[in-house]
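Okay, structure first, notes after.
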């Protein structure tokens, strides 16, 4: 029994030490303008296209889920992570590259691409009327990026059991899962990823019965049976560019766009969290989601980070030094 406690204690201390290796204001003396440069860069792209916010948030999420938050998703190359099937729709690379080149001109070899991505994800949420938070920094960039390692990324076809396992493998619990999926309040998908739900669900020739009957014709109008598969579809039918709790109300009411999102209502544990965020006291729930989303993001952006002398500080985000 003592041995078990020792293992638990060691794991706990290891988790704490990762958090403590990252710290808020890591660049306050070495590159004091870094966070402001990231912010102004994200803002300039956001003004031209508010949907870039969801792109940056997803880019950070996909980075953290493969080899930890180490900027490995940013590497270009035919066999790199960003060319894996689940990553082909990722966007926002040019925002990170732009911020990095400005920062390199000012403080060469100091600020990692992994940190720039974590900061940009925070700024994207803030600009979309979501919460802001202090991002602990000090991540270093990974030296490996392989498309074969990206096969365990979350998929819109995942059952709740698979989603839970993917998240728990990264040290995230069921509550974190639902909270982080709430980022879909500003996301979009494409017709090719939902069409099977609308016309031939489980090859029955019918629609997915969990789709609200009044919402189904709207989705079918957006995505005709033989229409353009690349046509974008908002994941939050009510407020695509606002970071709010309407996504959870949609899941509660059978208006989830992705099957994986709607399935959160089928499982008792995840349903409880959806209910909590989707309740009727709008202001209070918005505040609660904002607070818990911040906490979940800090937790997620600390997954398997490289610090100290691990990894490197890339000169250009899309290639290893």
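Any Cβ shown, glycine's included, is placed from N, Cα and C.
TrEMBL entries are annotated by machine, without manual review.
Annotated Ca(2+) 1 binding site per TrEMBL: 63, 66, 68, 70, 72, 81, in sequence order. The local packing around residue 63 (Ca(2+) 1 binding site), expressed as other Cβ atoms within 10 Å of its Cβ over all shown chains, amounts to 30.
Annotated substrate binding site per TrEMBL: 154, in sequence order.
All protein chains included, residue 236 (Ca(2+) 2 binding site) registers 28 other Cβ atoms within 10 Å of its own Cβ. Annotated Ca(2+) 2 binding site per TrEMBL: 185, 236, 244, in sequence order.
Taking Cβ pairs closer than 8 Å, the compositional bias 'Low complexity' (145-156) reaches residues 62, 65-67, 72-73, 75, 77, 79-87, 163, 166, 169, 189, 193-194, 258-261 in its own chain, all 6 or more past its ends. Residues or ranges marked as compositional bias 'Low complexity' in TrEMBL: 145-156.
If you look up TrEMBL, you'll see 21-321 marked as domain 'Plant heme peroxidase family profile'.
According to TrEMBL, the feature region 'Disordered' maps to 127-156.
If you draw a 10 Å sphere around the CB of residue 58 (site 'Transition state stabilizer'), it holds 23 other CB atoms from the protein chains shown. What TrEMBL records for 58 is site 'Transition state stabilizer'.
The two recorded residues, residue 68 (Ca(2+) 1 binding site) and residue 58 (site 'Transition state stabilizer'), show a Cα separation of 14 Å. Geometry remark: residue 72 (Ca(2+) 1 binding site) versus residue 244 (Ca(2+) 2 binding site), CA distance 30 Å. The distance from the Cα of residue 63 (Ca(2+) 1 binding site) to the Cα of residue 154 (substrate binding site) comes to 12 Å. Spatially close to residue 70 (Ca(2+) 1 binding site) yet at least six residues away along the chain are 63, 114, 139, 140, 141, 142, 304, 305, 306, 311, judged by Cβ distances under 8 angstroms.
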